[in-house]
Amino acid sequence: MKLNATYIKIRDKWWGLPLFLPSLILPIFAHINTFAHISSGEVFLFYLPLALMISMMMFFSWAALPGIALGIFVRKYAELGFYETLSLTANFIIIIILCWGGYRVFTPRRNNVSHGDTRLISQRIFWQIVFPATLFLILFQFAAFVGLLASRENLVGVMPFNLGTLINYQALLVGNLIGVPLCYFIIRVVRNPFYLRSYYSQLKQQVDAKVTKKEFALWLLALGALLLLLCMPLNEKSTIFSTNYTLSLLLPLMMWGAMRYGYKLISLLWAVVLMISIHSYQNYIPIYPGYTTQLTITSSSYLVFSFIVNYMAVLATRQRAVVRRIQRLAYVDPVVHLPNVRALNRALRDAPWSALCYLRIPGMEMLVKNYGIMLRIQYKQKLSHWLSPLLEPGEDVYQLSGNDLALRLNTESHQERITALDSHLKQFRFFWDGMPMQPQIGVSYCYVRSPVNHIYLLLGELNTVAELSIVTNAPENMQRRGAMYLQRELKDKVAMMNRLQQALEHNHFFLMAQPITGMRGDVYHEILLRMKGENDELISPDSFLPVAHEFGLSSSIDMWVIEHTLQFMAENRAKMPAHRFAINLSPTSVCQARFPVEVSQLLAKYQIEAWQLIFEVTESNALTNVKQAQITLQHLQELGCQIAIDDFGTGYASYARLKNVNADLLKIDGSFIRNIVSNSLDYQIVASICHLARMKKMLVVAEYVENEEIREAVLSLGIDYMQGYLIGKPQPLIDTLNEIEPIRESA
């Protein structure tokens, strides 16, 4: 361990690995370098030392210079002598310093990342391939011309612009193009052998997921066959496949590999293939009168093929990485950063059996309205983190829209685990700005088998069962609660929602009216809404208004009723010039800030006076914003409309609410009026309500006046208005034209 720690400490020093690596690697590269003889002298076909020195400089920076100088002297001193070796060393050092400096200047950040990064392609092509090859050739030509490298004059020839120079230049470009990544890989492996494991892991990630072992084996077999053909010596039995035609076949084969297997594998494999091919060039390029030209063309093929293969490998790898990232992001909610419903569907598909849990948090809605959406985001994140220790591999918490979450569990002992999860949930504490918040969590679950074809329908059923869990304070099994009944109930809701939308679009609603008579002989009507069925039967509001409220259609229905009532009043202005109508409002409409503006616009459109409208409001816990509701009602009163509190005395409407309410009329709930004759307690309650209403200067309306005894009792209490079957039954709105006068006379 001490030896390893010491090695790690000194390996990047100038007297460590940088000092000895060039001396060790240059002799090996000397056997890989390939030379050819042409009419004008000797030329390079492949040259690696420059790529090694560029890689050393890029990796070790200034610490690489002593080792590079030492490596050149050790390798060339005996062959060239002191002065030529010194000149050659100066050439290399000038080149690599300029390349390294330019690259660092134009790529200041992350300049040493592994090769294959598309963001650095242009800088690396220029500073690590084109610029050093060009400068090396210029300095080499100059040194040979002035006599500093007299022994190497045969490598450059007398004239600088000839085929030999072009071949040398292409060889340097090819050597740098495939040699710099290769040398960089060798340096990293020598510096840290464990890098091989990391490299192999990255290599596997870059391979296309659809690649099979059989495909890869066939590809390697084809590649080996082409290499074997290139390495076979020419003879009288040789075919076209023993010529450089086979070299051209390498391109489509390597292109396929580049698109399928990734840059990490192809860059190394192509380097080996190209070095073997170039080293065996004499086997497929015969010597004949056009030998130099053919060698030049083949050398350019090495360069073009290398660039195409490497560039295609980089692009294909980058494209696969982008696609994988997009696919990964598609399964994660971008706000809460938890797996989404798509990820849940995939997990249910991959597992043969699963236990699906649903967590419903209804109290979160009010907290979000008061503290903002960040509370919900952090609550879900921390709740997911709280549940993570109880989850097995492959299980997860999934984000659902709104305030709910889902869990997928393995089926082993899922009943006991769900009970444990519920106990763990009850121990969860969430703090927001130092305040503890613990909304109740309802838990429902079911046992499902892959594939789950109707995930959204299933989640809707679990949501319904989770509401029962909030009441029972225990996890609820959907199968025991009757899945078929829940499915039918949910389908009926969806069907009713569609019918409501059709009714709004095609005016399939029907308005009825019930008279309300006053003690002084005045009469107004309450508008009652019905919906036409498929066979023109009338559907009562109890069947569709709860669905309308749940799916957010109640406000649209209210506006439909108001507009069609005003339209009726405008069309019959002559027959009923001062008649009033009472219209029921849903809690959603009352909580909308723009509702008074819309009412004002409709009144102006149909030229109806505001005092002719009475809006009946039921005070209930469905009022999501009580303050806004009070502002809306105040604006309606300022507009000239009257406000009536409906169904007073039951549920949410109580004496405590009466203290703060500001209305014009108070409608006593029919449950008190119905028994006012037979139940003295109901009589006293009604009397107290009337007394309080008079103190608030409100008129009182009695509902459910169904017989003469009730009517006499109501009159004795001094109630201002009466409504019920004794006064008049609900009739189509159009019939009110014929009922107004008889009702007034009877009153």
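Glycine is treated like the rest: Cβ placed from N, Cα and C.
Sequence annotations record features per position, and here Swiss-Prot assigns domain 'EAL' to 493-744 based on sequence analysis. Swiss-Prot lists 1-14, 66-79, 152-165, 236-239, 286-294 with the feature topological domain 'Periplasmic'. Summarising the annotation, Swiss-Prot assigns topological domain 'Cytoplasmic' to 37-42, 103-128, 189-215, 260-265, 318-747. Under the heading transmembrane segment, Swiss-Prot lists 15-36, 43-65, 80-102, 129-151, 166-188, 216-235, 240-259, 266-285, 295-317, citing sequence analysis as support.
Contact between the transmembrane segment (15-36) and the transmembrane segment (240-259) does not hold: fewer than three of their C-beta pairs are under 8 Å, each pair 6 or more apart in sequence. Tertiary neighbourhood of the transmembrane segment (43-65): same-chain residues 12-14, 16-18, 21-22, 25-26, 29, 32-37, 92-93, 95-97, 99-100, 103, 111-112, 128, 132-133, 136, 155, 164, 167-168, 171-172, 174-176, 178-180, 182-184, 187-188, 274-275, 278-279, 281, 295, 299, 302, selected by CB-CB distance under 8 Å and a gap of 6+ residues from either end. Each of 80-102, 216-235, 240-259, 266-285 was scored by its Cβ pairs under 8 Å to the transmembrane segment (166-188), and the highest score goes to 266-285.
Break the topological domain 'Periplasmic' (66-79) down by DSSP state and the numbers are 14 helix, 0 strand, 0 coil. Distant neighbours of the transmembrane segment (80-102): 49-50, 53-54, 56-58, 61, 64-65, 68-69, 72-73, 127-128, 131-132, 135-136, 139-140, 143, 148-152; these residues of the same chain sit at least 6 beyond its ends, with a Cβ under 8 Å from one of its Cβ atoms. In the predicted model, the topological domain 'Periplasmic' (236-239) has a mean pLDDT of 67. According to DSSP, the secondary structure content of the topological domain 'Periplasmic' (286-294) in residues is 4 helix, 0 strand, 5 coil. Panel annotation: around the transmembrane segment (216-235), residues 241-243, 246-247, 249-250, 253-254, 256-257, 260-261, 269, 273, 276-277, 280, 283-284, 286 of the same chain, lying at least six beyond its termini, place a Cβ under 8 Å from a Cβ of the stretch. The topological domain 'Cytoplasmic' (37-42): residue composition by secondary structure is 0 helix, 4 strand, 2 coil, according to DSSP.
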